[in-house]
Amino acid sequence: MVSIGLCSTDESYFASGILNAPAAMFTASHNPAAYNGIKFSRAGARGISMDTGLAAIRDRAKVYIENGIDEVQSTGSFREIDILTQYANYLRELVDLSVIRPLKVVVDVANGMGGMTVPAVLGQAIDLPALPLEIIPMYFDLDGSFPNHEANPLDPKNLVDLQKAVLKHGADIGLAFDGDADRCFVIDEKGQPVTPSAVAAIVAHREIAREKRTNPGVQITVLHNLLTSRVVAEVIEADGARPVKTKVGHSLIKDQMAATNAIFGGEHSAHYYFRDFWGADNGMLAAMHVLAEYGSQDQPLSEFAKKYNPYYLSGEINSTVSDVAAAKARVQSAFADRADFDEFDGITAKGKPAEAGSWWWFNVRASNTEPLLRLNVEASSEAKMTQIREEVLNLIQQKA
């Protein structure tokens, strides 16, 4: 057994990859303080699901709980190692930030594990060379009670402190990490969020360019889940790579990364997967790509990000429903003449063109664990997005 001590989830993936060993990490990810859990990886940071080992772990745990654990016949070994230094060096080798223009960066880690990784990777906590970054730290003290706000930047209320700090300090950019620091959200100099889809497009653009330099002539594949903005696939295609749409799901996408040899994968939830990181997701690495691309030009982030955010997204909207199947049926019936449907993951409706340049789509998916329907809408105009969003929400929330 090897202990790496306190760590972020992507540090755990790094250790699993570099040591080619299974890993287990106690974490509740972005959930509130009352929650806990264990995040597992197979050797080489490969994902694990009910079909690839999780069911066996559950069944073994049940036996241990009921019958106790037998005394082992031979003694194993235990050692502790410092993985943070190796991890920070590895990321700096992947993305060179030494040549960008100076940037003032506010970073909110919400008292989570980013309080260890950010100073090591972006600062000089482990004596790496200084980068042209002025880091303004927020809530870097590790505290699992999360006294300032929940460590879940997907919820807009948890971005408010960072947004205010970016404006107060006149910063170029803000970064928000979740509790286990595997996801990163980006705020521009005006205090406005940069969508995870825009971040996915920025990173895809950089990864494709690097792959072309390294392996000219090869077919390049980039994954994106079906809920990312249309712009993600457009950027991938414009850069000469092949976009592959996936279902939503962490272990599923990690498996697809391996199966397709994709160089990168992006999700609407701000999970970003890298072939150079064993196909695992890494919020810090995504943030470094954004800093590198943004810092290589002179526009403010709000202007720079516009080309990666040309359309209008609703974000994910959850509705509690008593009858999921009936709600989905109402939606399909109401849009039957106006849209083409597929059931690749939930139900996706793509509007039949009413006029040149006007388009919309929406997806409705049921939660696996709760009586919820999740709605995502995107359109070519804000007015159309709002119209479709409200119409679908009314159908979902309609009383039977």
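Yeah, the Cβs are placed from backbone N, Cα and C, and that goes for glycine too.
Keep in mind that what you see is a predicted model, and the values were worked out from it rather than measured.
The domain 'Alpha-D-phosphohexomutase alpha/beta/alpha' annotation in TrEMBL covers 3-59 (among others). Predicted-model confidence for the domain 'Alpha-D-phosphohexomutase alpha/beta/alpha' (3-59) is 93, expressed as mean pLDDT.
Helix, strand and coil residue tallies for the domain 'Alpha-D-phosphohexomutase alpha/beta/alpha' (86-191), in that order: 31 helix, 21 strand, 54 coil [DSSP]. Per TrEMBL, the feature domain 'Alpha-D-phosphohexomutase alpha/beta/alpha' maps to 86-191 (among others).
TrEMBL lists 198-309 (among others) with the feature domain 'Alpha-D-phosphohexomutase alpha/beta/alpha'.
Residues or ranges marked as domain 'Alpha-D-phosphohexomutase C-terminal' in TrEMBL: 316-394.
Helix, strand and coil residue tallies for the domain 'Alpha-D-phosphohexomutase alpha/beta/alpha' (198-309), in that order: 60 helix, 17 strand, 35 coil [DSSP]. In the domain 'Alpha-D-phosphohexomutase alpha/beta/alpha' (3-59), the DSSP tally of helix, strand and coil residues is 23 helix, 11 strand, 23 coil.
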